[in-house]
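Feature annotations, courtesy of TrEMBL:
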| type | residues | note |
| --- | --- | --- |
| BINDING | B:26-30, B:His89, B:Arg123, B:174-178, B:205-210 | ATP binding site |
| DOMAIN | B:23-252 | domain 'Phosphagen kinase C-terminal' |
Amino acid sequence: MAKPQDCGNCKKPATIHLTQIINNQIKKLDFCDDCPHQKGVTDPEGFSLAELLANGPGATEDQTTDSTNSCPSCGFTTVEFKKTGQFGCPECYETFRDTIGPMLEGMHRGQTHAGRVPQRMLTRVNRRREIERLSRSLDEAVTEERFEDAARYRDELKQLNETLAGDSKESEENADK
Amino acid sequence: MQIRPILEAETELTDRSHAPESVVLSTRVRLARNIDETPFPSRANKSQRREILARCQDAIAGLKMMQKGSVLEMQNLSDPEKQVLVERHLISRELSNDKGESGVIVSRDQSCAIMINEEDHLRIQVLRAGYNFKGAWKVIDRIDTGLEDKLDFAFSPEWGFLTACPTNLGTALRASVMLHLPGLVMASQMEKVVRAVNQMGIAVRGLYGEGTDASGSIFQISNQQTLGESEQDIIKRLTGVLDTVIEQEQNARQKLLENAAPKVLDKIGRAFGALQNGHLLSSAEAMNLLSLIRLGVDFGLLPENERRSVDKFFMTTQPGHIQIISQGDLENSDQRDVERARVLREHFRGLAPLDFDTLEKT
């Protein structure tokens, strides 16, 4: 059977085809890439397509979704998440924050981390980010001939680099134990 | 063949000096870790996956515990070789189906296996023979800390370690124990146990075969939830449930001996006979026979050291192992069944008859 060529919502070419059987009734839906987001697929409460289909095509103009339909870091969409149950990259957790919150409620014992915190790693990453920030400021100061600022940034950088070197030496000693 | 060292090595599970326990076969802990600012494996492209693989292999190579281990990449392994790794629980079935840019590093004694580019960038697993969360945790924590010094993990103060699937979020810890529960299975109490345990947020699954009809009566019990509790609390809660299940199993066995001794002893006796004389044994049948022999050891019908042989056969009579160890072309399962029966016959013919008198004495 040939699939309809047009999106049931906006008449653009359909690329997503959904078929689901509920109470012995076959329901089919065809969407373009953009429309499922406006049809409640990204509804943070919903996890199954049944909820989407219960509304029927065009039954609702419900704009429950926010503008974050895809992850700026990896391009992942909530539609893909509902299909696979997995995210695309670590940043997705921030992107889809509104979807994740309610979902975790039924899934885990709590909604905030109560376990181990990798403190050494976090310190290292924060220092490195600080170094990157200072380096940029230093470059800017030099370009703009603000030499007093530049000197201050250079001193701060030097100090940070020394602590970082000290840290990695310490971690190597730990690894040898 | 790359996995030969793995087949020949003395391992934590099969060669450990202390005697295997009667109910708990082994303890496992697993941590999932991902590298920050990098797509998860299913989303990463080929070159990103290759880079992740190289970075992780590099970081793992620096760990003392992984020295002289086996570094294996999925694309270089044959299907039977991958099958052997699955049967040893060193890789998941998902990873064995993966063709490129993924792999595993297995420590020399096979007590530690680190999968790269499975569902998450890193899946670290540590195994201990018997019931030993303390020992397993100590090792995995050291590995985790060692890797943390070399890799930037994806971590959020609010949600903990970030994983591809939100079901692993937080501690990303899966703690599990493999249990031999023939008493509960024979007493038809397994379904009740599974229901009760599930209500505590703890999962039970048959390790071989499906559902509560697990062949060999071997079950894996593990935590399902990873967020909102500390690692220690997860293990503590799981341990509480496990202690109850172990006690229930001991009670079920005791009741079987009190109320249905001839039935149970008949089963064990026939299993011994089939292993000594059988010429065609499927892997499911072999598992069930071996399970009865293990129960026989627990009842004192066979010498204590046979428990170790049974545990070894649980692993080495699986299809992939039979195929590789026999070095023949055992592509069809009938040939494997012949070979499996031969290996088992050889061992069990060398044993003294079952000592049923010990039971009457006690």
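Placement of Cβ uses the backbone N, Cα and C atoms for every residue, glycine included.
In the three-state DSSP scheme, B:Arg123 (ATP binding site) falls into the strand class.
Cβ neighbour density within 10 Å is lowest for B:Arg205 among the binding-site residues B:Arg123, B:Arg205. Summarised as a single figure, the pLDDT of the domain 'Phosphagen kinase C-terminal' (B:23-252) averages 94. Note: B:Ser176 (ATP binding site) has non-local neighbours B:Thr27, B:Arg28, B:Val29, B:Arg30, B:Gln220, B:Ile221, B:Ser222, B:Asn223, i.e. same-chain residues 6+ apart with C-beta under 8 A of its own C-beta. Reduced to three states, the DSSP call for B:Ser26 (ATP binding site) is strand.
Taking Cβ-Cβ distances under 8 Å and a sequence separation of 6 or more, the neighbours of B:Ser26 (ATP binding site) in its chain are B:Leu13, B:Leu127, B:Arg128, B:Ala129, B:Gly130, B:Val177, B:Met178.
The Cβ of B:Val29 (ATP binding site) has 25 neighbouring Cβ atoms from other residues within 10 Å, across all protein chains displayed.
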